Amino acid sequence: MTTADARTPASKQNDGTPDGTTPDAGTPNDGAGKSIGWHKGYVQGSRPDLRVPVRQVHLTNGKHVTLYDTSGPYTDASVDTDVRRGLAPLRENWIIARGDTEEYAGRPVRPEDDGLKHTSPRGGLRNLDAVFPGRPRQPRRSRDGRPVTQLAYARRGEVTPEMEYVAIRENVEAEVVREEIAAGRAVLPANVNHPEIEPMIIGKRFLVKVNANIGNSAVTSSIEEEVDKMTWATQWGADTVMDLSTGRNIHTTREWVLRNSPVPIGTVPLYQALEKVDGRAEELTWEIYKDTVIEQAEQGVDYMTVHAGVRLPYVPLTARRKTGIVSRGGSIMAAWCLAHHKESFLYEHFEELCEILATYDVTYSLGDGLRPGSIADANDEAQFAELRTLGELNTVAKRFGVQTMIEGPGHVPMHKIKENIDLQQEICEEAPFYTLGPLTTDVAPAYDHITSGIGAAMIAWWGTAMLCYVTPKEHLGLPNRDDVKTGVITYKIAAHAADLAKGHPGAQEWDDALSDARFEFRWEDQFNLALDPDTAREFHDETLPAEPAKTAHFCSMCGPKFCSMKISQDIRRQHGGSREEIEEGMAEKSKEFAAAGNRVYLPIAD
């Protein structure tokens, strides 16, 4: 099996198989019936088709730890997955049962949707067919024009199956989930056209989430690579994935990704719209953008980054910046505003856009197109002017029943980070904050996963709900498979550190389980409990490869004579004992003190 996510809302150390969970068919054992390693299990909900996946880590002391899992069916040995078929539509019956949506023909797929001219042959797909060959489907939308969003249901007092699902994942009551969504403090991205997802929630009362970016460009990558990167990212713990493709076959790539993704998929519709006008920002129109949004909503995109806060009056505020406008979406909209000397069409048509998103339950991710791209530009007038507009737009979106989160910076030194979260929470009425890092210094190309991981841990501790990962390739190139893993693991560390600092239920039990395994030299348990078991085992075996080293009471760093934990254990054995023995020893020393005349200091004998 491939290692899956290891964050936990309900990290439990129990004997045997936990109550309420069922193992998959591939549960490993030691030959004597005792489970070892880890396996995919499920927690049963209130209905037969509501089974929440968990990762069960079986310890060598007979206990187990239950961890949050994002890997989907790919790590369930009992499920036969095939990317050409796609995943099973987990939520389909829930959506149909609500009775407020309908199937319809949808818009036809056009050559320009894939960045192709009418006369161009379809090609460049390398190893995958041009059209997704899985089960045929028609798009679904609201039946009567009313919002079919989780926000609308929550406001009506309904606890949907999706809400129950995430409540089990987060180890909280379902009513807590409903209340947070209804108040706009959390979002549950779940397009009615993406029934394959395992529902998750983004909000500061819940586990800090991590997003991984994938996507092709005009110079590199293929559909097959992007599908592989998506499944790879989720197996290492990505809670959502954004497809930021800007090259050929954008529509087709997205279809393959959506049909195979167990997590919500986000996009930036502006990128595809720009491809439809051959990269000329000034030729963009509201009609082209609107059509692109509907195209993506029909496919099943769960959340969309919309740069509606980049307004004409704010563009001059960036003139004195060291690095100007670094957001792709922000620069596109700034160029359009200047070319036409008009207010942004995204801002002008925002209410109409709300109506479209509410029809499919697409969540807004209001983009920070004027985010700082260098430490020198952090927290400037342009950044905060846009933030105030995002606060206004958040209010409008909620009025239309659209779930909304707010995107944040960027490059921010540590002493300026807290101001960002404080202002966002105040201006945006505690809507979930979704930040890229922030990067805390500009001097480390090739190590920006570290510079940003520092800022990510800090801002998540103070309330950011989701972190957008940064890979070692940031500012340098398109990330490959290894870069994706490094980015996800780095940000999972930041997210879990924040969960610990916030006191999230169950967070520390995972750390305690690993600490116990470390102190007791249970090496296999340490590996299996680690965020990255494969690398932990690999590093250990580089210097102590022999199998007996897996049970040795030392590692290669200190060796057998200088291992601090072994010395601590020896002290316990030699000088420890029961409470009664300790108290008897203290009493004996008290008698010796009295017999010596109750003197604190005794003369040194010659």
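Easy rule for this one: first residue shown is 1, then count along the chain.
Every residue gets a Cβ built from N, Cα and C, even glycine.
Among M163, M242, M458, the residue that Swiss-Prot places alongside N213, Y271, H307, S327, R328, G329, D368, G369, L370, R371, E407, Y434 at the substrate binding site is M242. Taking CA atoms as the reference points, R371 (substrate binding site) and H411 (Zn(2+) binding site) are 8 Å apart.
Annotation for G369 (substrate binding site): spatial neighbours H307, G309, V310, I325, S327, G329, G330, S331, M333, A334, E386, criterion Cβ-Cβ under 8 Å with sequence separation of six or more. You'll find the Cα of Y434 (substrate binding site) roughly 20 Å from the Cα of H475 (Zn(2+) binding site).
Between the two most distant C-alpha atoms of the annotated substrate binders (N213, M242, Y271, H307, S327, R328, G329, D368, G369, L370, R371, E407, Y434) there are 20 Å. All protein chains shown were included, and the count of other CB atoms within 10 Å of the CB of G329 (substrate binding site) stands at 22. Under DSSP, the residues of the compositional bias 'Basic and acidic residues' (105-117) split into helix, strand and coil as follows: 4 helix, 0 strand, 9 coil.
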